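Q: My questions will all concern the structure given below.
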Amino acid sequence: MSKLTTKHLNDVQRPRVSLTGYDSAASIRQTGCTRAGSNDTSRWPRPPTRRPAGLARNTTKELFYLSHAKVMNDKDSAVEIVLQGVVLCPQYLFIDNEWVGAVSGKTFPTIRPHDGKTVAQIAEADKIDVNRAVAAARRAFRRNSEWRLMTPSARGRLLHRFADLVERDADYLKTLETTDNGMVHTMTHIMVETAVNILRYTGGLADKIHGTTIPSDFEGLSYTLKQPVGVCGLILPWNAPILMFVNKVATALAAGCTVVVKPAEQTPLTALALVALLAEAGMPRGVVNVVTGYGPTAGAALTHHPHVAKISFTGSLEVGKLVLQAAGATNIKRVTLELGGKSPLVIFDDADLNVALPFATEGVFAHQGQVCMAASRLYVQAGVYDEFVRRAVEVAKNRKVGDPFLTETQSGPQDEERDQNRNLLKSRPGSERSHVATVIEIASKTTRLREQIFGPVQSIMRFETLDEVIDRANDTNYGLAAGVFTSDIQTALQFSNLVEAGTVWVNNYFAFGPHNPFGGFKDSGFGRENGIEGILEYLDTKTVNIAFPQTI
């Protein structure tokens, strides 16, 4: 369909809420919710004296379900989205498997980037709320708790049930993501599919974490154990909320950790929906907690908390430095940082431009350039430089910018509040908000070749030799990703070996899999996500030495 409409959504089958497979031990004691999309900022009292309107109650499981949510399309008509079991309570935090209000009672708005309208009021967590969440996670991690007694295979089955529920409510999650984030609807489809793949893969890894047996120099046995580090603080970026929630949470749970999630204040809604699905999947109390709020308050409280063993942060370099300082302020936390990049993409004379051009275009313009590994520095060899620039300009001119819910839209809104370079990116005339046109600049040495723009700006530069372009590609403080297009395998291998980047793509760009470790060099951060290496970030290694009995 070309446009998301009420008619299309009304055609969707509306099954009754099913609690099949729901673990009563993980039941949620609901303290009140509001409709997503409502501008009503009134709060239900704590504890509530009556059931909030729009909620159906299942007395057996003591679980409330939001019957539907209102999400506004571009013509401001209400679109009903069926929540097949999804709990969405934006004015509340999720702590110890309960929806609870912020102690201060404060809320803040989450804004739809497409037109700047308020989608919902969100609970504003502060230090005291973070303390409650960490305390719940600590209880869940105690020896002999339900979570600690759960076998690795059972943790894997939990993640597979979570994947089933994400698939079940995929349409709702995609709509919620586009509404709150501005990501074009065709891209949210890819994000949700990728999230399910991550859950399936990581669930399969849960029972494959093991140590090693080590030859010893004494009469005995030496072996290692891999054990979860404890309570983890997971701080999400605003540009890919669903993917980042699933990636970080699934990895921590597979390792056996408990977590407190702090979503970006700009895009909190899908984190609340996803944690409700986790509870429905049978997650024990306190294992995953979500606190919504601002970085300087809720985020700072989480990174400074002495009972948090690890922080995983994805975001800007500036904030990453603050996280690193906070991690050593009260205790020594393990830290994983992914801080973006200024990634080079190199196109040699022998490359097939029909293949290279689409990858180069999507590599920097996808999601309006709001991607950490965007190919924002494009180096084209002299022999094909003129032709490539001509074709690249034509493609950029014809890129469709507009309503993110339209299937033909290739670039959605560029949110001015989130954009770090708003004076560079000019809004397209006639747009409702910052629907930013693509920008191509023929660059040599400018500040923008070193700074992460996080917008649809493609800098194209000419080069002559392999040695030259390797030096120029590495002339940055970032090192997240790089790409090269060439038909010469020796050129590809040499570039891949010498470029300073955590991920290198050859004759493709943005090819991902949950089994591929992902992370950066230099100021792009350290530690890895995805695959076996991603799970190891959440584990401690213990060495055990056992002496054999002495024989007479």
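Backbone N, Cα and C define each Cβ position, glycine as well.
TrEMBL labels come from automatic prediction, so no person has curated them.
Quick paste of what TrEMBL says about this protein:
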- 32-53: region 'Disordered' (REGION)
- 32-42: compositional bias 'Polar residues' (COMPBIAS)
- 99-421: domain 'Aldehyde dehydrogenase' (DOMAIN)
- GLU338: active site (ACT_SITE)
- 404-432: region 'Disordered' (REGION)
- 438-544: domain 'Aldehyde dehydrogenase' (DOMAIN)
Q: How does the domain 'Aldehyde dehydrogenase' (438-544) divide up by DSSP, counting helix, then strand, then coil residues?
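A: Helix, strand, coil within the domain 'Aldehyde dehydrogenase' (438-544): 27 helix, 34 strand, 46 coil.
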Q: Looking at Cβ-Cβ distances, which residues of the chain lie under 8 angstroms from GLU338 (active site) while being 6 or more apart from it?
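A: GLU338 (active site) has long-range Cβ partners PHE313, THR314, GLY315, CYS372, LEU480, PHE518, GLY519, GLY520, SER524, GLY525, GLY527, GLU529.
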Q: Please work out the mean pLDDT for the residues of the domain 'Aldehyde dehydrogenase' (99-421).
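A: On average, pLDDT over the domain 'Aldehyde dehydrogenase' (99-421) sits at 93.
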